[in-house]
Amino acid sequence: MLKALMPVAVYSLAVAFRTDSFRRAFMLNMLGISAGVAVAAYGEARFDAFGVLLQLAAVAAEATRLVLIQILLTSKGMSLNPITSLYYIAPCCLVFLTVPWYFVELPRLRAAAGAVRPDVFVFGTNSLCAFVLDLAVFLLVGKTSALTMNVAGVVKDWLLIAFSWTVIKDTVTPVNLVGYGIAFLGVAYYNHAKLQGLKAKEAERRAASMATAKDGDAEAGVRLLPEKDGGDQKN
């Protein structure tokens, strides 16, 4: 539920990096989502302050990563597609993940099993899913924005909460549901505003193209008039 704060972090960083403009309505919407998440966190049955700090740090890191990806994919003079971007980012991810894995998880694996023998099928399918996920993230961020990516992710979080509640039998309090319901309403409002903005831009683009076509026809008519007058004089 704390991951619903991601749109707020992404929008704040996007404004700071000047990849998005400050809009009061959007900021009020983000604050509404934050209020809903705060209510959901307050109603947590097993609240842990250290876990909350870790999750907030993860939100900040993920928001920074997505904003930088948007800058990478949309910068002027650069034409990186999702596959090309993965060529650069995947090795960095491998290096940064290998270091904590070696010092934190590898000793535990050796102590538990004696020797590290990963399941090739599970490891391979996991890697394939991670690759497809990264590819989808690059495609979505490149076509829309990092903020749209994270707002859409709130719907995914709803599905995770429902799965945890029904299948894993995790504890979900009424306060949790009310808080996350407020956040979901904020997401719905953002999607509506985004759709209206896209329709307005499409209408402006069509109007501009029609105006350009009319101007071209008028210029062609002006050029034809002297030619016609010259022909009449010769006759």
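Backbone N, Cα and C define each Cβ position, glycine as well.
It should be emphasised that the depicted structure is a prediction, and the values quoted were computed from it without experimental measurement.
As written in TrEMBL, here are the features:
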COMPBIAS  225-235  compositional bias 'Basic and acidic residues'
DOMAIN    2-191  domain 'Sugar phosphate transporter'
REGION    211-235  region 'Disordered'
TRANSMEM  26-43  transmembrane segment
TRANSMEM  49-73  transmembrane segment
TRANSMEM  85-104  transmembrane segment
TRANSMEM  120-140  transmembrane segment
TRANSMEM  147-168  transmembrane segment
TRANSMEM  174-191  transmembrane segment
Positions whose Cβ lies under 8 angstroms from the transmembrane segment (85-104), at least six residues beyond its ends:
69, 72-73, 131, 134-135, 138
When you scan the chain for residues with a C-beta under 8 Å from the transmembrane segment (26-43), skipping those not six or more beyond its ends, what do you find?
1-2, 4-5, 7-8, 11-12, 52, 154, 173-187, 189-190, 193
If you average per-residue pLDDT over the domain 'Sugar phosphate transporter' (2-191), what number do you get?
79
